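Let me begin by presenting the structure, written as structure tokens, before commenting on it.
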């Protein structure tokens, strides 16, 4: 279509997107408000388990979830097609697949392991935020989840690493009046002087990709552990720390 490659998977992606969007609008029409902040498509009640629910009582959520997975999967496969046509690696669809994995973990894998679709999150702005808050408090302090710590660390490290790279590039190609534009060797020299090491212009992008994918994978893992594999408050998980032999020294 014009300059955009569509292909078979582009068509299937468009189908799932339009169907899912129409179902969200239908669900909003069944609800009490058209306030964009308050619209919510909730999953079935826990009493339905892993069964199919009536449309107005969670069935729409189930179909919308199928549409979302279909749209995301189609888009990833479309990216594979485009990558092959361009003769490049599959880095982009592989990276997007990690984001898809995180979504599927939240809406399919974790609810399956916990025995009810009602453990998925609702589709809505405020209702989604409420779900995040309630899920966190269900485990007393979610920040004590070790994989949550890893995920947050990787998210912030991704931002820091790519911000350092981006700011250096802007500084190199926008010199003060009277100075020449700097190139990669100047950038390498700057970081060798700054922190003693330069990963290089290609390496920083690979590092950014690695950190970002690690953050997505760790975030999926942290919620997957909560419920199916750990049902207590996360602070109590750290009890092993108090029993390390090192604390026995000094008579304590």
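Glycine residues also receive a Cβ, built from the backbone N, Cα and C atoms like all the rest.
These come from Swiss-Prot:
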BINDING   128, 148  (7R,8Z)-bacteriochlorophyll b binding site
BINDING   165, 205  Fe cation binding site
BINDING   191  ubiquinone binding site
TRANSMEM  8-30  transmembrane segment
TRANSMEM  58-86  transmembrane segment
TRANSMEM  91-113  transmembrane segment
TRANSMEM  146-173  transmembrane segment
TRANSMEM  200-225  transmembrane segment
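Feature map: annotations from Swiss-Prot on the structure.
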{"residue": "128", "record": "(7R,8Z)-bacteriochlorophyll b binding site", "DSSP (3 states)": "helix"}
{"residue": "148", "record": "(7R,8Z)-bacteriochlorophyll b binding site", "DSSP (3 states)": "helix"}
{"residue": "165", "record": "Fe cation binding site", "DSSP (3 states)": "helix"}
{"residue": "191", "record": "ubiquinone binding site", "DSSP (3 states)": "helix"}
{"residue": "205", "record": "Fe cation binding site", "DSSP (3 states)": "helix"}
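The binding-site residues in question are 148, 165, 205, and the one with the fewest Cβ neighbours inside 10 Å is 205. The two recorded residues, residue 205 (Fe cation binding site) and residue 128 ((7R,8Z)-bacteriochlorophyll b binding site), show a Cα separation of 32 Å. Residue 128 ((7R,8Z)-bacteriochlorophyll b binding site) is 41 Å away from residue 191 (ubiquinone binding site) when you measure Cα to Cα. Taking CA atoms as the reference points, residue 148 ((7R,8Z)-bacteriochlorophyll b binding site) and residue 165 (Fe cation binding site) are 26 Å apart. Fewest other C-beta atoms within 10 Å: among the binding-site residues 128, 191, that description fits 128. Residue 128 ((7R,8Z)-bacteriochlorophyll b binding site) is 34 Å away from residue 165 (Fe cation binding site) when you measure Cα to Cα. Against the transmembrane segment (58-86), the recorded stretches 8-30, 146-173, 200-225 differ in Cβ pairs under 8 Å, and the greatest number is found for 8-30. Within the same chain, residues 91, 95, 98-99, 101-102, 105-106, 109-110, 113, 135, 145-148, 150-151, 154-155, 157-158, 161-162, 165, 184, 187-188 sit at least 6 positions outside the transmembrane segment (200-225) and bring their C-beta atoms closer than 8 Å to a C-beta of that stretch.
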